[in-house]
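K.L.:
Please find one structure pasted underneath; my questions will follow.
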Amino acid sequence: MTLDRPGEGATMLKTFTVLLFCIRMSLGMTSIVMDPQPELWIESNYPQAPWENITLWCRSPSRISSKFLLLKDKTQMTWIRPSHKTFQVSFLIGALTESNAGLYRCCYWKETGWSKPSKVLELEAPGQLPKPIFWIQAETPALPGCNVNILCHGWLQDLVFMLFKEGYAEPVDYQVPTGTMAIFSIDNLTPEDEGVYICRTHIQMLPTLWSEPSNPLKLVVAGLYPKPTLTAHPGPIMAPGESLNLRCQGPIYGMTFALMRVEDLEKSFYHKKTIKNEANFFFQSLKIQDTGHYLCFYYDASYRGSLLSDVLKIWVTDTFPKTWLLARPSAVVQMGQNVSLRCRGPVDGVGLALYKKGEDKPLQFLDATSIDDNTSFFLNNVTYSDTGIYSCHYLLTWKTSIRMPSHNTVELMVVDKPPKPSLSAWPSTVFKLGKAITLQCRVSHPVLEFSLEWEERETFQKFSVNGDFIISNVDGKGTGTYSCSYRVETHPNIWSHRSEPLKLMGPAGYLTWNYVLNEAIRLSLIMQLVALLLVVLWIRWKCRRLRIREAWLLGTAQGVTMLFIVTALLCCGLCNGVLIEETEIVMPTPKPELWAETNFPLAPWKNLTLWCRSPSGSTKEFVLLKDGTGWIATRPASEQVRAAFPLGALTQSHTGSYHCHSWEEMAVSEPSEALELVGTDILPKPVISASPTIRGQELQLRCKGWLAGMGFALYKEGEQEPVQQLGAVGREAFFTIQRMEDKDEGNYSCRTHTEKRPFKWSEPSEPLELVIKEMYPKPFFKTWASPVVTPGARVTFNCSTPHQHMSFILYKDGSEIASSDRSWASPGASAAHFLIISVGIGDGGNYSCRYYDFSIWSEPSDPVELVVTEFYPKPTLLAQPGPVVFPGKSVILRCQGTFQGMRFALLQEGAHVPLQFRSVSGNSADFLLHTVGAEDSGNYSCIYYETTMSNRGSYLSMPLMIWVTDTFPKPWLFAEPSSVVPMGQNVTLWCRGPVHGVGYILHKEGEATSMQLWGSTSNDGAFPITNISGTSMGRYSCCYHPDWTSSIKIQPSNTLELLVTGLLPKPSLLAQPGPMVAPGENMTLQCQGELPDSTFVLLKEGAQEPLEQQRPSGYRADFWMPAVRGEDSGIYSCVYYLDSTPFAASNHSDSLEIWVTDKPPKPSLSAWPSTMFKLGKDITLQCRGPLPGVEFVLEHDGEEAPQQFSEDGDFVINNVEGKGIGNYSCSYRLQAYPDIWSEPSDPLELVGAAGPVAQECTVGNIVRSSLIVVVVVALGVVLAIEWKKWPRLRTRGSETDGRDQTIALEECNQEGEPGTPANSPSSTSQRISVELPVPI
């Protein structure tokens, strides 16, 4: 803290001014526990000449210590470590000389370090004792009549202490204590005891050898004058480095003012004498240690002082401490209740403001003078509109650079009953064999109890405190639809709305209706074929018992049924052929990566560790397998989702092939690539792979080793030397063939070596054959939506080609993950759609597709980078030089991330794919928009992601609006809460525009200076005007103020007139024909003033600007409102001001509420817990309307008079003798207008326990039912037609050949009977009957 010089301000006295105030007692504060100081004194064995041999003693006041330190002139002189812990030690000085003279202090060692130093002992030239230390202790409150102790501390034993007072030649008191300190007591303090005191000492045996006098000490008796006031300007809370002025003001002129800080009275004590009745103590550059409680007082020339001022707490901080907000009685309240939001923070003397998320202006204010332990923000008679997230902020009336931190928030929910929770299943909604499912019911606020319901069983109900319910599937009884609800502690009798239903399925997995229908048709066809075969055999062997008519009818029925089934199968096949094929991608768990590390580069096999890393962020466990048998399991070692498997020294027992898997929830990933350890001195052979070979294009071959920092070589079969060779590049290397030709075909392999042993090569990899084949052109590949997606999103890949009837393959990072059969599309095109229903963190990567027809393949498509966001923190996006760019100029968008070595992408709102990509080694990337035009205007954002692990990306940055224009858009100026402000209140003028990151300037008409808000990073700039007065009213405008050089034109905002009210008598406001009118009618609001020649202003509650102004010739203004609408409803008032003093307005008129309605809107009616009566249970009907202050009525069909009235809209219905069943409706009326009733609600039907049960009626059920009906009807028609034909057939057969038919039946009965000769008449007749056809 710096203070001005005495001529300019306050100066700190070198004397100690002591006030007899029990400061901490008067403040009600707890004394600060300070570390006790050690005591330092002198001893000498030469009483006549003590400076001949001096020893300094240092004593710890409260504990023993192992080390003591002696300081001289603030530098270390010597330190002593005694042989055992002790309270005191001695430092031998010897004879006092010029070199020994100086300031001495001592310290002792404690657990936390060195203690505070002792009081200063000054050794001066020989022949004079060091001056004592002098201070005062107050034992009682600082008022006349209290007792005071004056303490004088010397440096030798058995000294004589003398107390002197200014103006007296003789000492007023003396003492000879046994120690080194004397205590002088002044009892019953009076004003005569005021004055300046000093203390001196001398040795008893040398009475003429006096010490130097102590520092003078002023004794001021308080309470003779009234207490002053202490204020801080600009405010009591400031940032380090800012200036502060503490003003102490009293009622008497010409006094001396004193300022002190309670925490350090000796070092923070300042005096200032002025000719006025106030003194300013100026802090030029505040420091953190200036924080504390400050007091001031004043005294006259006779040291008669005033009472202490009130305590003023000064905060010096660069960041405000957080406020906390608490809702009482609960954050979940019912409609119509009152809620208090209690906001508290550690900073005193500052106002508080209550904000609601989504609203710019504060809802309520608490002035600093009105805040105490019982003060809160109140929300009375809450409605649905009060639901939201609230926060509390400090309300500063002065300007400071202190940063505002994030604040504690409270989410207030206003419900007729608590909102529904969320219900999820872990690990999935499908039962696995022998496994249970945990249903998790969750809500964001404290809950008393959760309840789980099972829709298939009405009596089923489980309760849980933590919301977890374990469901087993014993005998298949766990499947079904579940929902949950909860109740809170403040309303234990009210259960919340039910959650969305969640269906649990059996181990068979997910079944679609198409699959069920196809399988049912196939099974029916097989059954029909078997049945037809049995009928034929039955007729063949058992026809003796069956008449021909019955057999024929049965066969006909079977044939017709088969005909319908075959037709249905053909229709399904044709439909499937016409539709474009869409294949759901069952994403495998990402394949992990396996490699080896060692800390012995020259002999890596001496200590080898295998590492397994998964690209997924949800890996629970890793498994390492050797030769597919033995395994070791371990958990991830860090957030990088990798695990170590130490093998130690490699021996023969370690040789083999290693794989690793990652375990996620209930799924195991594919195995990693094999790592084969073949010996103790042989490196494992690497793995070689390549992308598809295309003639004339670049080809990359990937060689993957197993250790870090390896060198690589590429070999081609038939050549002795390596084709390409790379130095130590890592665990993998890429060899490039610039242009693939016929000469490049052949078998390739690669080898590796360690960096320290470049001549020790590994085994060669397995050979890879490169063959150039004739190929179709590459397909067109894209995503239907943006390739930058959030977890859980739905992604569809579209792979298309002009060729027809092709099969498609989808690749991820070069590996095949899905395929599609030939697509029977319309002529001229063929396509396949690959679908990821819910994207996970591990699904990111580079996707591509190919198509093929028999042995001919296409070239790979261009890759699509799928980036899954929300894994890393979001970056920041800035525009350089600024977000407003002149057409034809360039702008740089810098995306600043958190991690280094990432890949950045720039996105524009409305664009399907990212605009630009950048891979950088640092943590930021610059995107250049060159020669921008109007089409480049829009919102931009950016992300960063890692390319080595499934393209896991960050959150999207905050959008940045780029304007390409030659003129800044016009900002908008408005006042909050209104441009009509009462005298003495606060108002904020907001300059808001669409351009972000630009400062604003506020202009007032008639003034040359402007108020500026620099560096605004939000949409708006705030210009607060506190304690508004007549000088604040007038016309205002604002404009942008960019902090970069630009030729873009700047245009001013609208003009805002700021009116100050409370300077004239209030007017009256009336409505003609009345305060309630029907929509479309006309209304006139009449504002009657007290003075002529006035301008009248009409105001509406919630509007920030006046609705209309009029300058009538008389005392009244008529505001005509033609064809009013519903939005004209509200609370109106008016003011007026004189032409001679514009903007100095009257008080507000009394408020007038206007209703524009012919009939209030109809309410809603619902039933709780359901619309079905259960045994012994009542139903509560809840009628809710949009307007407050109403009375509800419930009506029951069949009853002439209304059944019940209610103010809260709840009606309890019982079902005694079945009288509660039926249709209900409700309506309401306004209490202010009891003759106007609303429209009735939609009817609601209550049914009994045996009432109709709702059946699921889906499109699939309708289709299947219709198909069955058609088949049965058609079969019935065919059978009826055939039955009608049979009598004619029978008659015709009897008339023509009845005898032959009888013979045929008899011979059919004798068929196969033994003993019948082949050439007998019977057999002959039989052969004849078989050859004759039966007429039909």
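Note that Cβ sites are derived from N, Cα and C of the backbone, with glycine treated the same way.
Keep in mind it's a predicted model, so treat the numbers as computed, not measured.
Copied straight from Swiss-Prot:
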| type | residues | note |
| --- | --- | --- |
| SIGNAL | 1-28 | signal peptide |
| TOPO_DOM | 29-518 | topological domain 'Extracellular' |
| DOMAIN | 38-122 | domain 'Ig-like C2-type 1' |
| DISULFID | Cys58-Cys106 | disulfide bond |
| DOMAIN | 137-222 | domain 'Ig-like C2-type 2' |
| DOMAIN | 226-312 | domain 'Ig-like C2-type 3' |
| DISULFID | Cys248-Cys296 | disulfide bond |
| DOMAIN | 321-408 | domain 'Ig-like C2-type 4' |
| DISULFID | Cys343-Cys392 | disulfide bond |
| DOMAIN | 419-500 | domain 'Ig-like C2-type 5' |
| DISULFID | Cys441-Cys484 | disulfide bond |
| TRANSMEM | 519-539 | transmembrane segment |
| TRANSMEM | 560-580 | transmembrane segment |
| TOPO_DOM | 581-1336 | topological domain 'Extracellular' |
| DOMAIN | 589-677 | domain 'Ig-like C2-type 6' |
| DOMAIN | 686-760 | domain 'Ig-like C2-type 7' |
| DISULFID | Cys703-Cys750 | disulfide bond |
| DOMAIN | 777-869 | domain 'Ig-like C2-type 8' |
| DISULFID | Cys799-Cys849 | disulfide bond |
| DOMAIN | 873-958 | domain 'Ig-like C2-type 9' |
| DISULFID | Cys895-Cys942 | disulfide bond |
| DOMAIN | 965-1060 | domain 'Ig-like C2-type 10' |
| DOMAIN | 1065-1150 | domain 'Ig-like C2-type 11' |
| DISULFID | Cys1087-Cys1134 | disulfide bond |
| DOMAIN | 1161-1242 | domain 'Ig-like C2-type 12' |
| DISULFID | Cys1183-Cys1226 | disulfide bond |
| COMPBIAS | 1317-1328 | compositional bias 'Polar residues' |
K.L.:
Rounded to a whole angstrom, what is the C-alpha distance between Cys849 (disulfide bond) and Cys750 (disulfide bond)?
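P.N.:
Pair distance, Cα basis, whole Å: 28 Å.
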K.L.:
Enter the number of other CB atoms within 10 angstroms of the CB of Cys484 (disulfide bond).
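P.N.:
Total other Cβ atoms inside 10 Å, all chains included: 27.
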K.L.:
Under DSSP, the domain 'Ig-like C2-type 7' (686-760) has how many residues in helix, strand and coil?
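P.N.:
Going through the domain 'Ig-like C2-type 7' (686-760) residue by residue, I get 3 helix, 39 strand, 33 coil.
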K.L.:
Rounded to the nearest angstrom, how far is the Cα of Cys1087 (disulfide bond) from the Cα of Cys750 (disulfide bond)?
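P.N.:
Just about 95 Å between their Cα atoms.
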K.L.:
With contact taken as 3 or more Cβ pairs under 8 angstroms (pairs 6 or more apart in sequence), are the domain 'Ig-like C2-type 9' (873-958) and the domain 'Ig-like C2-type 10' (965-1060) in contact?
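P.N.:
Touching, yes - the domain 'Ig-like C2-type 9' (873-958) and the domain 'Ig-like C2-type 10' (965-1060) meet the threshold of 3 or more Cβ pairs under 8 Å.
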K.L.:
Cα-Cα, whole number of Å: Cys942 (disulfide bond) versus Cys1226 (disulfide bond)?
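P.N.:
Cα to Cα, Cys942 (disulfide bond) and Cys1226 (disulfide bond) are separated by 53 Å.
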K.L.:
In whole Å, note down how far the CA of Cys484 (disulfide bond) lies from the CA of Cys1183 (disulfide bond).
P.N.:
24
K.L.:
Which ones in the same chain are close to Cys1226 (disulfide bond), with CB under 8 Å and 6+ residues apart in sequence?
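P.N.:
Within the chain, Cys1226 (disulfide bond) has Cβ neighbours under 8 Å at Pro1163, Leu1165, Leu1181, Cys1183, Phe1192, Val1193, Leu1194, Glu1195, Gly1209, Phe1211, Pro1240, Ser1241.
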K.L.:
Pop the Cα-Cα gap between Cys392 (disulfide bond) and Cys1134 (disulfide bond) into the table, whole Å please.
P.N.:
32
K.L.:
At a 10 Å cut-off from the C-beta of Cys296 (disulfide bond), count the other C-beta atoms across all protein chains.
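P.N.:
Within a 10 Å radius of the Cβ of Cys296 (disulfide bond) lie 27 other Cβ atoms.
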K.L.:
For Cys106 (disulfide bond), which of the disulfide-bonded residues Cys248, Cys441, Cys1087 has the nearest Cα in space?
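P.N.:
For Cys106 (disulfide bond), the closest Cα among Cys248, Cys441, Cys1087 is found at Cys248.
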K.L.:
Under the DSSP assignment, what numbers of helix, strand and coil residues are found in the domain 'Ig-like C2-type 8' (777-869)?
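P.N.:
When I sort the residues of the domain 'Ig-like C2-type 8' (777-869) into the three classes, I find 3 helix, 50 strand, 40 coil.
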K.L.:
Cys895 (disulfide bond) to Cys1087 (disulfide bond): how many Å between their Cα atoms?
P.N.:
58
K.L.:
Which residue, out of the disulfide-bonded residues Cys58, Cys750, Cys942, shows the minimum number of other Cβ atoms inside 10 Å of its Cβ in this structure?
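P.N.:
Cys58, out of the disulfide-bonded residues Cys58, Cys750, Cys942, has the fewest neighbouring Cβ atoms within 10 Å.
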K.L.:
Determine, from DSSP, whether Cys895 (disulfide bond) sits in helix, strand or coil.
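P.N.:
Where Cys895 (disulfide bond) sits, the three-state DSSP reduction gives strand.
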K.L.:
Which of the disulfide-bonded residues Cys58, Cys248, Cys296 has its Cα closest in space to the Cα of Cys1087 (disulfide bond)?
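P.N.:
It is Cys248, whose Cα lies nearest.
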